[in-house]
Amino acid sequence: MPDTAKAQQLAQSHEAVERDPDAYWLKQAERLDWIRLPEKANESSFEKADFGISWFADGELNVSANCIDRHLATRGDQTAIIFEGDEPGEGRTLTYRELHEEVCRFANVLKAEGCKKGTRVTLYMPMIPEAAIAMLACARIGAVHSVVFGGFSPDSLADRITDCESTILITADGGRRGGKRIPLKENADKALAKCPDVQSVIVVRRTGDDVAMTDERDVWWHERRGEVGAECEPERMNAEDPLFILYTSGSTGKPKGVLHTTGGYLLWVTYTFDTLFGADADDVFWCTADVGWVTGHSYVVYGPLANGAKTVMFDGVPNYPDPGRFWETSQRLGVTIFYTAPTAIRALMREGDEWVTRHDRSQLRLLGTVGEPINPEAWNWYANVVGEGRCPVVDTWWQTETGGAMIAPVPGVVDTKPGSATKPLPGVMPQLVDAEGAVLEGATSGNLVIAQSWPGQMRSVYGDHERFFQTYFSTYAGKYFTGDGCRRDEDGYYWITGRVDDVINVSGHRMGTAEVESALVAHEDVAEAAVVGMPHDIKGQGIYAFVTLKAGVADSEELRQQLKTWVRGEIGPIATPDALQFAPGLPKTRSGKIMRRILRKIAENDTDSLGDTSTLADPGVVDDLVAGRVSGS
Ligand code: WTA
């Protein structure tokens, strides 16, 4: 049943933002505590001549003060973070007051290590409260954090440290996920062998593993914590000062450092968290994402805390110790709003309803999903089995680049359709365009672009503003191109169909085909490699690699496994190819360009419709490739 008051409110918001966007956003900006209230709102342009993204440029505020200090008077003793470790029940909680003290102390330790406003700090952490504490401590003193997912390899970590010239690394002795040990400090040491500019490593004790500490460089957080004061004044930050960098994969080259700034980002996550989840003092909000990804930034840390909510940080996996983990933990912690990825839903659905129904879910009131398209079957299972048909499902479409949710149903107001993220939030202007950039109207399919800036939009690719423009604003002049394909139905609902560029979405994690290819060709036996996505029942998409070996190297099952392990070691487990086919030749045009369209069809096992192959230098390779197709793991 639609809630009429809320429906009216939403309609008014849409109307208000269309009529006078700046006035609307300046009003929304009052959700935050400003040191200096902005009078300017949107000063962005997507055009080449005066390109730039800027919001609230004359405003001043501090993100950590907004996430913590302003709640102290009203809810200092309320829980802020509920930590749930890998073992069920292993955890602790922090109130807003406790969080304040920890963040201040951490900020003071950072300062003592030479960290200042603008210093880049890399985090390589498990999902423990200290990850959020360290992020907020950076924000408190104006340092720019770059969180690198703990599943990335030492090389990937080193690349990301080097790219943003971090001088400080925060890590832990180790992590534990699904009962397995993750050697974070050991990996960090390997990475740091390539990063001479890192002067200081702050190590949080998590597992108690015996780890090597380098004199002069490495310090234990628990030793330093008591040596510094419990108060730290938040730094006065301009709304457009950088808040964080987060690396994400694109269709070409190395991962790029997506840069978000202070005011617009914080407003976007505050606004979308409240609009979509509306958590109040009785709610317990659980977003299962890792802080290594944008969802963890926006909806584990910044969005919930800016709204004064209770947020769960989970350092485990959905199927450990058994596939009932999410629901057992939800029941025990009193979770009311649950937000996860379609991959997890599909994996759990396969285990059977029993794992869900044996736990009491009467406290759950809202379910969310993010990260990849959700198939209607998984959506219905989530809504009806997990949500007992009474919890709305909020499918949120957004990206690292957008800062927070963009297309999603406001619960209780926008009717849902299984598999559709429904309609844009107020202030979001999606359009569908054809290959030439012509705007398509009505029920149609096309490439998804956003026609106007919104406060949470990324501001740059760190260190390469030109690449920012080229990547997102040059394909369709004057518009932000998302890289996604999309269908709009007769009711104006949006159905994201997936990436149309060379990005593969594996279990909701973005992987660039170029990255996997360069990892493969770095192996001594590989001459050439081409990587495409393939459909995968659980992961949504899997990684399919075509590999040409160097002359004289014989293929074998052993080498196939070796190459998979190699990629895993080079990038991290999420990049492991699901299928690897040895290909004596790749389909190339006469000018030497690999025709990926053909490789995609083979990977999808859709070989009846390979299309025109007459422009290939050697059409014969296609038959060999079709004959040699392998199935995925
Ligand atoms: C995909 C994650 C369909 C999409 C927040 C996008 C989705 C990419 C959805 C961004 C959704 C995310 N439905 N597809 N609800 N949410 N995507 O940067 O292809 O890790 O471009 O951000 O994930 O992934 P990213």
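Using N, Cα and C of the backbone, Cβ positions are placed for all residues, glycine too.
Per TrEMBL, CoA binding site is recorded for Arg177, Gly178, Gly179, Lys180, Thr295, Asn319, Ser507, Arg568. When secondary structure is read from DSSP and collapsed to three states, Arg568 (CoA binding site) falls in the helix class. In sequence order, Ser153, Ala575, Thr576 are the residues near Arg568 (CoA binding site), counting only same-chain partners six or more apart with C-beta under 8 A.
Over all protein chains present, the Cβ of Thr400 (ATP binding site) has 19 other Cβ atoms lying within 10 Å. According to its DSSP assignment, Thr400 (ATP binding site) is helical. The feature ATP binding site is assigned by TrEMBL to Gly371, Glu372, Pro373, Asp395, Thr396, Trp397, Trp398, Gln399, Thr400, Asp484, Arg499, Arg510.
As annotated by TrEMBL, Mg(2+) binding site applies to Val521, His523, Val526. For Val521 (Mg(2+) binding site), the number of other Cβ atoms no farther than 10 Å from its own Cβ, over all displayed protein chains, is 14.
Per TrEMBL, the feature domain 'Acetyl-coenzyme A synthetase N-terminal' maps to 14-67.
Note on the domain 'AMP-dependent synthetase/ligase' (69-453): its mean pLDDT in the predicted model is 97. Feature annotation from TrEMBL assigns domain 'AMP-dependent synthetase/ligase' to 69-453.
Residues annotated as domain 'AMP-binding enzyme C-terminal' in TrEMBL: 515-593. Secondary structure by DSSP for the domain 'AMP-binding enzyme C-terminal' (515-593): 24 helix, 27 strand, 28 coil.
What TrEMBL lists as N6-acetyllysine is Lys593. Over all protein chains present, the Cβ of Lys593 (N6-acetyllysine) has 11 other Cβ atoms lying within 10 Å.
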For ligand 1, list the binding-site residues among Gly371, Pro373, Trp398, Thr400, Arg499, Ser507 whose CB atom is within a distance below 6 Å of it, in sequence order.
Gly371, Pro373, Trp398, Thr400, Arg499
Long-range same-chain neighbours of Gly371 (ATP binding site), Cβ under 8 Å, sequence gap at least 6?
Ala289, Thr295, Ala341, Pro342, Thr343, Asn505, Ser507, Gly508, His509
Do you know which of the binding-site residues Asn319, Thr396, Ser507 has the most other C-beta atoms within 10 angstroms of its C-beta?
Thr396
From the DSSP assignment alone, can you count helix, strand and coil residues within the domain 'Acetyl-coenzyme A synthetase N-terminal' (14-67)?
22 helix, 7 strand, 25 coil
Give the sequence-ordered list of residues that share a chain with His523 (Mg(2+) binding site), lie 6 or more positions from it, and have CB atoms under 8 Å from its CB.
Leu563, Trp566
Among Gly178, Pro373, all listed as binding-site residues, which has the most CB atoms within 10 Å of its CB?
Pro373
Among the binding-site residues listed here, Arg177, Gly179, Lys180, Thr295, Arg499, which has the most company in the form of other Cβ atoms within 10 Å of its Cβ?
Thr295
Entry from the binding-site residues list Trp398, Val526 having the most other CB atoms no farther than 10 A:
Trp398
Distance, Lys593 (N6-acetyllysine) to Val521 (Mg(2+) binding site) (CA atoms, angstrom):
17
